[in-house]
Amino acid sequence: MHFLRRPISLRQRLILTIGAILLVFELISVFWLWHESTEQIQLFEQALRDNRNNDRHIMREIREAVASLIVPGVFMVSLTLFICYQAVRRITRPLAELQKELEARTADNLTPIAIHSATLEIEAVVSALNDLVSRLTSTLDNERLFTADVAHELRTPLAGVRLHLELLAKTHHIDVAPLVARLDQMMESVSQLLQLARAGQSFSSGNYQHVKLLEDVILPSYDELSTMLDQRQQTLLLPESAADITVQGDATLLRMLLRNLVENAHRYSPQGSNIMIKLQEDDGAVMAVEDEGPGIDESKCGELSKAFVRMDSRYGGIGLGLSIVSRITQLHHGQFFLQNRQETSGTRAWVRLKKDQYVANQI
């Protein structure tokens, strides 16, 4: 009984199934041939006993005998091929299920594949894939933890060095402004590295929440963003009478996304300019940030969303802002776009997120 419960290989299943089908239909064909041959022999014997040597009658009997063998033979071959096809399809069904499972997965879904099969090859493939996913998950988690730990540990000593420089400047009247500015840039870099590491940890378990973009993301960030823009006398304009849109995601990460978009616009826009946040609804939920800066080279949009790539080194930064935006957008299964504004100079950076279907259905 234990032997019967053991999984067998896909090759053995195919051979046994096709062999059984051919055997069954061969037996049916032999039985049919025996039955028809017996009937024809009896007819010929009857004709001989009755002295019916009519050639036309004999040829008709021969044609009937040939037809009685060919027609069932063609039918049997067609039926055999059809049943073999269905059998092979049934045996390879786990492969089709595995294909659908893999195609339906997102890049961040690293949970084990739950497909059970009594076929050795399928079990071996699923086991190998799950082992690969497990090792990949462990590697990514270790990388994120390492980045977060390093970034967190660097913030304290950098803040201490900055404090000592300020005390040194007050005590000895030394100009340490360039050093302080450089330290501020390093602290900003460390902060962005920490954000990027944390962004990759939030959705590992798939805990999505109902988030209203205006109420939960834009309005809570307004004071912080306005304070940042005041440094260059810039004005933050909120969506005008826009209806709120609900998405599935994490409000903290979406506020981080918005802050990085506004910070990028603030960095590359002239003093006294306006930076606008817009909301609109099409196939999904669109949140856009528009500025009045010089615009971008649209041929390099793909490069700008990569880590440590800057549009212009004169404006500072280390090029992680848009990489963080791209990463958070991916975690929300959305799309991130960069383009120049059509009606005037400036850049339009926007993300399209999936609307919350449950809330949409309730409406």
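Backbone N, Cα and C define each Cβ position, glycine as well.
Some features that Swiss-Prot has for this protein:
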DOMAIN    89-141  domain 'HAMP'
DOMAIN    149-357  domain 'Histidine kinase'
MOD_RES   His152  phosphohistidine
TOPO_DOM  1-13  topological domain 'Cytoplasmic'
TOPO_DOM  35-64  topological domain 'Periplasmic'
TOPO_DOM  89-363  topological domain 'Cytoplasmic'
TRANSMEM  14-34  transmembrane segment
TRANSMEM  65-88  transmembrane segment
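For the domain 'HAMP' (89-141), DSSP puts the residue distribution at 37 helix, 1 strand, 15 coil. In the predicted model, the domain 'Histidine kinase' (149-357) shows an average pLDDT of 79.
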